[in-house]
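Undergrad: One structure is given below, represented as structure tokens, and several questions about it will come after.
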Amino acid sequence: MNVAGGGTGTTAGSAGNNNTLPMAQLADGWLELESDPGLFTLLLEDFGCHDVQVEEVYDLQKPIESPYGFIFLFRWIEERRARRKIVETTAEIFVKDEEAISSIFFAQQVVPNSCATHALLSVLLNCNENNLQLGETLSRLKAHTKGMSPENKGLAIGNTPELACAHNSHAMPQARRRLERTGAGVASCRFTGEAFHFVSFVPINGQLFELDGLKPYPMNHGCWEEHEDWTDKFRRVMAERLGIATGEQDIRFNLMAVVPDRRIAITHKLKMLRTNQAIVSGTLQKLLKADEQGERDEQQRPDTPNTLLEPSAFTARDLQSLLKNLDTEIAINEQHLADENDRRQMFKVDASRRTHNYDKFICTFLTMLAHQGVLGELVSQHLLPSKKISGQSAANRLNKQNSAAASTANSSAGATAGGAKSQQQQQQQQQPQQPQTPKNGKSPGKTPGRRRKGRNKCRKRK
């Protein structure tokens, strides 16, 4: 979730809901806020404007019912090429007439990190008071800054303690620590290299205005056509703006709409449906009684040409069907109202989680783990997974190398042993065989057959 606002000023005191903080601690001590519609809705309630809510817009082509204005959050990079294109385009539509500027609420952002509040005020304080109840704080600010220059209006916003306290009460603890770490002397988002910034788009006197507290003048995008709504003109401007901004594939932006509180419209519709339900139910009861009475009178009264009954506009069956439809509509709207109330409650739960400081809990928890002797093991298991994986990989590679070396050694040893054995067999085959000594110890003589053959030869000679 993007955080709006750039640099910081001097350290701010505890914001909360305490409106008695010293002015010296509020003027330059505004904190960064997230671009969350729930946060903005609760911030409007803290300003005293209870009939408004903020919704995030995901589809530009989807119609939005009765918006007061739009808030556009985009990435602010002064040196970016796309940024220069936007500046060159918008320089032609600056409104420099002092009388025209003083007739609208346009305030320059002179307090760092206050662009979220500036964007909301640019929408609310340019709306018709007959359609919107601003509350005491905003009504007083609007009356007090009437006719002021844009710079003085920005100073008036920064010097309003109710606004500063409400703004800072929705900041995360990290924003306060960042403010304390940087301190004064750091440039605001007007001069930072990269930050996220809010601007407002509102209809004023039949023309679409873009109000940016970091610009010297408001921007007039002109009138919309007679047959279209001002939101159609806004869609065309945003489509062109996003086409320029995303030229370098930078799509980090979001869009929010400031709309009437949906619960008010749902409650009004429920009241109307219940009134119609009571009317239809009463009419149905009267019709049923009239039918019963008519049947009894018909039985008692003689038929004459002068006794004519007016035909009813609705039959009992028609009224029963209408009553059933009303019951269904009431159930649907009651569910919508319950969903909106649950959503508003979740905004408060998320705000409590966002602004709560978990530092003490985390420190105490880690201290208890250290006393129990399990902190080191948890760190080695969860915080150093890459080292463990790399160590296991090295061990696996070493085991594979050892296995390969062992298999190579075994194969070479087997080959050496086989060669020696074959050489020994060859030597044994080349050596003459020694006669075997018999068991009785006597050397073997000639075979009896040879001796007999020799004797026969001698006898023949004689």
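Each position is counted from 1, following the chain as shown.
Every residue gets a Cβ built from N, Cα and C, even glycine.
Checked Swiss-Prot, it gives:
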SITE      Q109  site 'Transition state stabilizer'
ACT_SITE  C115  active site, nucleophile
ACT_SITE  H197  active site, proton donor
SITE      D212  site 'Important for enzyme activity'
DOMAIN    357-385  domain 'ULD'
REGION    387-462  region 'Positively charged C-terminal tail required for binding nucleosomes'
REGION    394-462  region 'Disordered'
COMPBIAS  399-447  compositional bias 'Low complexity'
COMPBIAS  448-462  compositional bias 'Basic residues'
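Help me understand the surroundings of these features in the structure.
TA: Following the DSSP three-state reduction, the secondary structure of Q109 (site 'Transition state stabilizer') is coil.
All chains included, 32 other C-beta atoms sit within 10 angstroms of the C-beta of C115 (active site, nucleophile).
In sequence order, H197, V199, S200, P218, M219 constitute the residues six or more apart from D212 (site 'Important for enzyme activity') in its chain with CB-CB distances below 8 Å.
Residue counts for the domain 'ULD' (357-385) under DSSP (helix as H, G, I; strand as E, B; rest coil) come to 23 helix, 0 strand, 6 coil.
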Undergrad: Counting across all protein chains present, how many other Cβ atoms fall within 10 Å of the Cβ of Q109 (site 'Transition state stabilizer')?
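TA: Step by step: centre on the Cβ of Q109 (site 'Transition state stabilizer'), count other Cβ atoms within 10 Å, giving 28.
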Undergrad: Would you mind checking how many other C-beta atoms are within 10 angstroms of the C-beta on H197 (active site, proton donor)?
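TA: Excluding its own Cβ, H197 (active site, proton donor) sees 24 Cβ atoms within 10 Å.
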Undergrad: What residues elsewhere in the chain lie close to the domain 'ULD' (357-385), defined as a C-beta under 8 angstroms and at least 6 residues from its ends?
TA: 173
Undergrad: Roughly how many Å lie between the Cα atoms of Q109 (site 'Transition state stabilizer') and C115 (active site, nucleophile), rounded to a whole value?
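TA: C115 (active site, nucleophile) has its Cα 7 Å from the Cα of Q109 (site 'Transition state stabilizer').
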Undergrad: In which DSSP state, out of helix, strand and coil, do we find C115 (active site, nucleophile)?
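TA: It is helical.
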